[in-house]
């Protein structure tokens, strides 16, 4: 950090979770970043993740006022409590969200927040995954529904949602490349006797087990050839690094919605 420069001040929501712990460690290691406070389900003092304090969403207002960015890796419920309970304090603050499984209500909450703050929601902050998204969209645009598209993902046994947010983002990229709505062609798994595969389906398959950090594979299967695009995450620090890169980029931006494509200049 240049002499005299102010550090980027961060409030970390979901501070005591798996990703929150990794983020807290990385913030302490990186120059130019300051961890102001954490947010969790219960208040804590002097917690193991290195936050000076962990507040609940309802009591975090004074700490949010001191921050430049709020980074959220919590849960849909905790995120909603934070955004709805601290709307005034969050106004003008950058909000980086990595929480998945938001659903329609979560999207509504973020859309409201984006009226007064720059908001970036990403299913995955890995640079490699975001390149994979761009490649999948391009491949789908070229190949169309002449090939069958399947998305296969694998994660650790504790992951609560399926398919993963990244898998769904890949499905959206494939659908966008084909010029269709994912909701019209999505199929989650197959069992029994589903019959012949209809043209244009985009299938999803989720594997859960052990401590798999995250694996995603896009299969584009034709009659005479098959293209596979994939990504394997080996360390959660990968996602934390991407989230902090997004936080640096987003701080000071005008209110509105942003994506990792904006951060990485992918158009």
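Note: Cβ is positioned from N, Cα and C throughout, glycine not excepted.
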Point to revise | Residue from 55, 58, 201 that TrEMBL also lists as binding NAD(+) with 14, 15, 16, 17, 18, 19, 98, 99, 100, 122, 123, 124, 125 | key: 55
Review point. Tell me, how many other CB atoms lie within 10 A of the CB of residue 16 (NAD(+) binding site), whichever protein chain they belong to?
Key: 20
Practice item. Please report how many Å separate the Cα atom of residue 155 (active site, proton donor/acceptor) from that of residue 165 ((S)-2,3,4,5-tetrahydrodipicolinate binding site), as a whole number. Key: 11
Exercise for review: For residue 155 (active site, proton donor/acceptor), list the number of other Cβ atoms lying within 10 Å of its Cβ atom.
Suggested key: 25
Review point. If you count Cβ atoms within 10 Å of each one, which of the recorded positions 99, 124, 156, 159, 165 comes out on top?
Key: 124
Review point. When DSSP states are folded down to helix, strand and coil, where does residue 55 (NAD(+) binding site) land?
Key: strand
Practice item. For residue 159 (active site, proton donor) and residue 99 (NAD(+) binding site), determine the Cα separation and express it in whole Å. Key: 12
